[in-house]
Amino acid sequence: MGFFIQHGLTKPEILYPFLFGIFAVASLCIATLLFPASFSAASRVISWVLSIYLEVKNPIRHTETGRNIPGPSYVWPNGQGDIEKYVQGRSRSEQWQRKYGNVYRIWAGMTPEVVLTRPEQLHAIFKDSDKHTKATNSDSGYFMSRILGQCLGLMAGPRWKLLKGIAAPPFMHPTAVRSIGRIQEHVRAHFHDLETNGNLREGRIHPVQDLKMLPFFIVAEANYGSLTPAMKSELDSLAPARENLMKFVLFGGLARFNISRFFPTEANRQLRRFRSQWRAFNRAAYERAREKHPSAMVVQMYDAVHKGVLTEEQVAQTMDETLYANLDVTTGGLSWNLVFLAANPACQARLHEEISALTPAEEEGYISRNGTYLAACVLESSRLRPALPFTIPQSAPTERVVDGYRIPAGTNYVVDTWGLNVRDEFWAPDNSTYRPERFLNSSNTDLRYHFWRFGFGPRQCIGRYTADVVIRAILLHLVKHYELQMLEEGDFTQDPECWITHPDLQVKCVRRT
């Protein structure tokens with residue numbers, strides 16, 4: 001009330017119309033979220049007003065010309081997130097860079113994000129990535145906060161270091177290498193099941209639908225120890241529900257705002273159901289693992305909760321991150337390999353020749369090595385089909401200058417992975433061609449800041465070593481025992497509803513004789 005008293009606004013004839021005006025504007029905004037088709041004209045007016053306000057509130061100017069940083073205007077309610085940024089990201093990446101240049105600004109909700117497209121921009125930003133702060137809820141709004149807002153990947157500072165110390169050991173390089181034999185057992189069992197009960201009986205394989213749960217259950221064992229059939233069944237049954245929740249995040253609208261929690265929406269009903277089931281599963285898994293697998297990650301996590309070091313919400317969301325969130329990422333990293341090998345028989349033949357020369361005893365060492373043709377194939381696939389069109393936003397602790405634009409401390413950055421991995425002249429002249437050989441003579445120093453896969457600088461994805469050995473083990477088995485061929489000619493079909501780049505097609509997969 002101090003503001004109203006100071007400015008003489010406490011008289012009813014002034015205060016009531018003022019409050020009514022605020023209520024009317026708020027009601028109109030909510031109406032555009034609940035009934036967007038009926039209030040499209042109002043949405044355009046709100047977009048125009050907020051775009052002007054946000055430009056004034058978040059100035060980023062060129063140090064010499066004073067010109068404001070270019071970029072698309074804010075659009076109510078989502079800005080350019082998350083549909084344009086992720087689902088339509090491949091096409092937007094090219095359009096935006098062509099229209100706005102090599103550095104520009106987009107809006108994730110009402111939060112500005114500076115887009116980087118060039119290798120030379122990245123060193124100045126990511127040299128201290130361990131000191132960066134991940135964007136609150138990944139700039140995806142309230143609904144995201146209820147799924148992954150407190151997970152390890154979105155933490156920073158002491159909390160991140162503490163939780164990383166608990167979550168990272170099962171996924172570090174020595175542990176990943178020691179697990180290769182166990183991973184190969186999972187792979188053999190999975191393909192036996194596909195041949196007995198799946199599409200493989202008919203000589204076909206869907207790179208996503210037929211393989212996505214294989215790496216999922218391998219990681220689940222690292223989290224919980226050995227899994228009972230009932231645990232596998234419950235994890236499997238939760239996957240579609242969790243996948244559907246991400247669609248509410250992607251499409252935004254009302255779910256982006258805190259006020260959405262007061263509405264009886266289908267999104268909130270599904271969220272409550274999933275959170276209850278997920279928490280119950282993890283509690284039961286903890287009690288079982290305490291007896292049978294005391295070193296399992298779930299035991300270390302819940303022990304930290306009981307000591308008051310972590311909250312159960314942080315544990316539940318981090319376990320979700322390692323499984324369901326990374327299910328999409330690992331599936332994307334694996335599945336495109338099948339498509340590219342099927343579409344490039346000469347590369348597949350070379351890989352088969354290299355694998356065929358191995359004895360069974362040599363396979364584990366081969367899977368763990370980085371300089372192989374298999375490793376090169378995995379890298380080339382991830383170059384041409386980066387998991388995310390734009391990276392998860394994060395901010396640097398100090399002011400930076402990028403291409404002459406002075407970026408204030410705390411501003412979020414994202415990297416255009418298509419601009420970096422594919423369109424950059426570093427990969428010329430055959431930027432869009434699948435040619436794994438390009439990685440055989442490339443060192444990590446050569447590739448630094450030219451190639452995005454697991455992040456940049458000191459802070460990278462903790463699951464990168466496990467992801468590599470899992471993908472390589474699956475591809476080794478696949479190419480050793482089967483020949484892949486394309487069933488259809490033309491451009492590769494992509495799942496239009498997935499925020500991660502996934503193929504949506506079947507590949508011919510015939511057992512070798």
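Positions of Cβ are set from backbone N, Cα and C atoms, glycine also.
Annotation comment: Swiss-Prot describes Cys461 as heme binding site, evidence class similarity to another entry. Feature annotation from Swiss-Prot assigns N-linked glycosylation site to Asn258, Asn370, Asn431, Asn441; the stated evidence is sequence analysis. If you look up Swiss-Prot, you'll see 14-34 marked as transmembrane segment, on the strength of sequence analysis.
Among the recorded positions listed (Asn370, Asn441, Cys461), Asn441 has its Cα nearest to the Cα of Asn431 (N-linked glycosylation site). Nearest by CA distance to Cys461 (heme binding site), out of the glycosylation sites Asn258, Asn370, Asn441, is Asn370. Sequence-distant contacts (6 or more apart, same chain, Cβ under 8 Å) of Asn258 (N-linked glycosylation site) comprise Tyr142. Separation of the C-alpha atoms of Asn441 (N-linked glycosylation site) and Asn370 (N-linked glycosylation site): 11 Å, rounded to the nearest whole number.
Secondary structure at Asn258 (N-linked glycosylation site), as computed by DSSP, is helix. Around the Cβ of Asn441 (N-linked glycosylation site), a 10 Å sphere holds 9 further Cβ atoms from the protein chains shown.
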